[in-house]
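Residues or ranges marked as domain '6-phosphofructo-2-kinase' in TrEMBL: 6-218. Annotation source TrEMBL lists substrate binding site at 225, 226, 227, 228, 229, 230, 231, 232, 280. The active site, tele-phosphohistidine intermediate feature in TrEMBL is assigned to 226. What TrEMBL lists as active site, proton donor/acceptor is 304.
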């Protein structure tokens, strides 16, 4: 768990019309905060409504003049809120209330309930406002038509019904006003404009910084370890050694692979290449970027985990010279900190700015890094439990292509032979190609 955990509880409450990205933002926040080590959970009012009222609710169900339906929707919201409060009053640290919450009356009810029933709770309201018709239509097409409400309806009828639902909400929608005396952030047209009011505290400020970097534009993210090094051949940890001959060959083949991925120089010029300051990574980046005729950025934040006094040793030598440390590491690699070095939890804190850098980029991103660093980055994009991070498989001489979408992340892994350049998709365990961000159910795609 992160050192900044306090008794303070936080409720993040969404506001906005349908198809404005509220659930997208909720899921991104949930993924980010859990990756940091916080106990965080999303309470989606729509899921409660579908469970209680079913999935056959057409647009008339959302008409404020429909008293029976309004009562049912309010009861579902109250159930979600009660569960959220119970969660915060137990072991929950951060709870996300995902719903439209479009009226002052609803927001006042939520705010009062939280203050009265939760001890030491901070509330931040997150309002997503969008009047870009193209963005709204695209959001409906990509997300809403696939949700359980419309599984049995053709896309044209589903779109028509959903637009009717939006109209029902527009009739009663009241944007957050200063007279409500709330702490809030307003995200307007996917970050074109941002308004912040009465936001205080370390974690809320961190959340605000994260939200300011989000966007919905799809782009690929490539993760690869540096080419094989002399220490890799000798099974030594740490060090600042250079590439082996095979590592140089891999770097050249990696450059050729990316030439095929980005056929024109105009496309290559858009690649945002990040690497560490360590010789084996910068040498790999230099070879690759010379082939692509692009620049790369060295960041010390991306340096491999600091193994402290074990630097340059083999695992056998560590077991002999530091038997207690070796045993402790085997028990829990996540929290184990090398003497005068780092743990995986330290790494997650260290590379957090890289997450911001990748999230705000609207161009392709290439990270040429180290095994432990890439494990942490990979875990963020695939919503792995924090305890899983040290065991994630990040093979050498392979490239992982991730394409984040609204509620899932597509993945392709390609193994590249350093000598022949032969490329083979890794299908070990039917490598995960998509993880649904709403249910975390895995689906597999043979590519």
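Using the three backbone atoms N, Cα and C, a Cβ is placed for every residue, glycine included.
Projection of TrEMBL feature records onto the structure.
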residue	record	Cβ within 10 Å
225	substrate binding site	27
226	active site, tele-phosphohistidine intermediate	29
227	substrate binding site	29
229	substrate binding site	26
231	substrate binding site	18
280	substrate binding site	28
304	active site, proton donor/acceptor	23
Nearest-integer angstrom distance between the alpha carbons (Cα) of residue 225 (substrate binding site) and the residue listed as 'active site, proton donor/acceptor': 11
Rounded to the nearest Å - Cα separation of residue 280 (substrate binding site) and residue 226 (active site, tele-phosphohistidine intermediate): 6
225, 226, 227, 228, 229, 230, 231, 232, 280 excluded, remaining Cβ within 8 Å of their centroid (substrate): 241, 243, 244, 247, 396
Residue pair residue 229 (substrate binding site), residue 304 (active site, proton donor/acceptor) - Cα distance, angstrom, rounded: 13
Integer Å distance between the CA atoms belonging to the residue listed as 'active site, proton donor/acceptor' and residue 227 (substrate binding site): 14
Rounded to the nearest Å - Cα separation of residue 304 (active site, proton donor/acceptor) and residue 226 (active site, tele-phosphohistidine intermediate): 11
Greatest inter-residue Cα distance in Å for the substrate-binding set 225, 226, 227, 228, 229, 230, 231, 232, 280: 14
Mean of the pLDDT scores, which run from 0 to 100, over the domain '6-phosphofructo-2-kinase' (6-218): 91
